[in-house]
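Quick look at what TrEMBL annotates:
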COMPBIAS  13-23  compositional bias 'Pro residues'
COMPBIAS  493-517  compositional bias 'Polar residues'
DOMAIN    123-234  domain 'Phospholipid/glycerol acyltransferase'
REGION    1-23  region 'Disordered'
REGION    489-517  region 'Disordered'
TRANSMEM  39-62  transmembrane segment
TRANSMEM  92-109  transmembrane segment
Amino acid sequence: MSQGSPGDWAPLDPTPGPPTPPNPFVHELHLSRLQRVKFCLLGALLAPIRVLLAFIVLFLLWPFAWLQVAGRTEEQLQEPITGWRKTVCHNGVLGLSRLLFFLLGFLRIRVRGQRASRLQAPVLVAAPHSTFFDPIVLLPCDLPKVVSRAENLSVPVIGALLRFNQAILVSRHDPASRRRVVEEVRRRATSGGKWPQVLFFPEGTCSNKKALLKFKPGAFIAGVPVQPVLIRYPNSLDTTSWAWRGPGVLKVLWLTASQPCSIVDVEFLPVYHPSPEESRNPTLYANNVQRVMAQALGIPATECEFVGSLPVIVVGRLKVALEPQLWELGKVLQKAGLSPGHVDAGAEPGRSRMISQEEFSRQLQLSDPHTVAGAFSYFQQDAKGLVDFRDVALALAALDGGRSLEELIRLAFELFAEEQVEAPGRLLYKDGFSTILHLLLGSPRPAAVTLHTELCQGGPHQGLSLCQFQDFSLHDPLHRRLFSTYLRPSQKPHASSPRTPTALANGTVQASKQKGD
């Protein structure tokens with residue numbers, strides 16, 4: 001298997017095929033010695049002054065934001081604000097926002113194309129979303145409304161700006177919140193131009209600009225025309241990207257403020273009018289708009305996305321974690337000097353045995369409390385804080401380099417398959433199947449359950465036999481290579497090594513270093 005630098009995708013075999021896209025979750029910034037000296041000098045002289053002045057302007061925005069909503073009831077804020085407050089506060093916030101980005105080094109905002117009116121396109125979709133500087137796109141869009149987390153209301157100044165913006169707020173802790181957001185987006189988008197446009201970043205998180213992440217359907221639920229907006233940072237050195245793996249917030253801010261001049265290009269593409277089928281199917285609508293924007297950017301459109309806080313990639317019919325927690329568990333055990341092959345798992349096939357953290361430490365012969373807590377946290381716990389020891393047994397077996405892939409797959413089936421009620425033999429039902437894929441590949445459980453249902457379609461049972469499970473994991477060429485690449489059963493457990501390849505569709509990606517400061 002070819003080896004490359006972290007963040008590159010390399011083919012699984014030398015067979016010619018379509019080029020594979022780069023890993024969009026990783027950003028590596030390589031500086032020459034001369035560039036390091038330059039950033040040290042400018043970082044010491046220019047960056048502190050710029051950041052200080054930018055923060056002063058940020059706090060000057062607060063009075064304008066407060067004035068627009070002062071004395072307004074929640075009922076009144078359900079309608080767009082008009083009158084003198086709108087004129088004064090809108091222009092004040094717009095001018096100070098441009099000054100803020102100017103002070104941070106964004107001396108030029110180059111605009112191409114024509115922004116559509118709110119009647120022509122009630123919704124704007126901007127991509128690629130690569131940095132916390134991307135709100136700069138609000139300026140040439142004349143401060144459209146945005147969608148933001150409700151938790152941001154409590155952030156000083158930012159909360160005031162969200163109230164000024166009459167942003168649509170979504171709470172991650174309230175299941176009903178998403179439904180209300182959908183209804184509010186639809187209400188504003190179909191208001192006939194009464195409301196200003198609503199701006200979405202449909203990827204939902206930041207990437208490194210080298211590929212588009214899967215678009216979420218929220219911006220497309222209303223079924224109205226949308227205008228795609230492209231964001232580019234055509235600078236000689238990419239200091240702005242803030243990806244899952246790469247420079248952290250402070251480093252990105254410091255490096256960008258140290259640049260003499262940063263440029264951003266904003267391009268308005270023609271309005272995309274959905275077909276009747278797209279209007280009824282937001283996911284189809286989102287996928288087609290993603291392809292249009294990717295083509296205009298000259299980068300791939302991928303199925304990569306975030307599920308919770310975990311980056312997930314699509315391989316065949318599988319969703320798998322970019323870096324499964326199994327790798328991190330291997331790192332913890334390896335650091336503790338534990339060889340998984342020398343642990344007597346003692347798990348009983350087909351039956352769960354719940355164990356506490358104390359039993360876990362005795363079984364694995366771990367004495368350091370920090371190591372025990374770290375390793376124990378990688379397994380799903382029930383309401384009493386117990387874990388199923390079958391999970392532990394399978395994870396240890398996967399990290400044991402002495403097992404073949406065939407032995408590991410058979411063991412996984414034996415541990416989690418259940419006896420049939422009305423017929424002899426054992427079947428692997430959705431709970432066991434999703435647990436196996438989650439442990440070995442980091443697959444989100446809901447996605448694994450959906451895949452299990454697809455695999456069982458047309459069969460007489462709601463479970464998989466051993467032969468069916470082996471066909472899926474061992475005999476399918478793509479899935480076999482995936483399991484082999486993730487688990488490497490012929491090697492000792494270096495599962496969490498930052499240079500271990502992760503299988504992807506038509507290729508692999510090198511796992512990267514952790515995000516720094």
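Glycine too: its Cβ is placed from the backbone N, Cα and C atoms.
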Open item on the list: Are there residues at least six beyond either end of the transmembrane segment (39-62) with Cβ under 8 Å to its Cβ atoms? List them, or say none.
Closed with: 31, 92-93, 96-97, 99-100, 103-105, 157, 160-161, 253-255, 257-260
- [ ] Summarise the model confidence on the domain 'Phospholipid/glycerol acyltransferase' (123-234) as a single mean pLDDT, whole number.
- [x] 90
TODO: Run through the domain 'Phospholipid/glycerol acyltransferase' (123-234) and tell me, per DSSP, how many residues are helix, strand and coil.
DONE: 37 helix, 24 strand, 51 coil
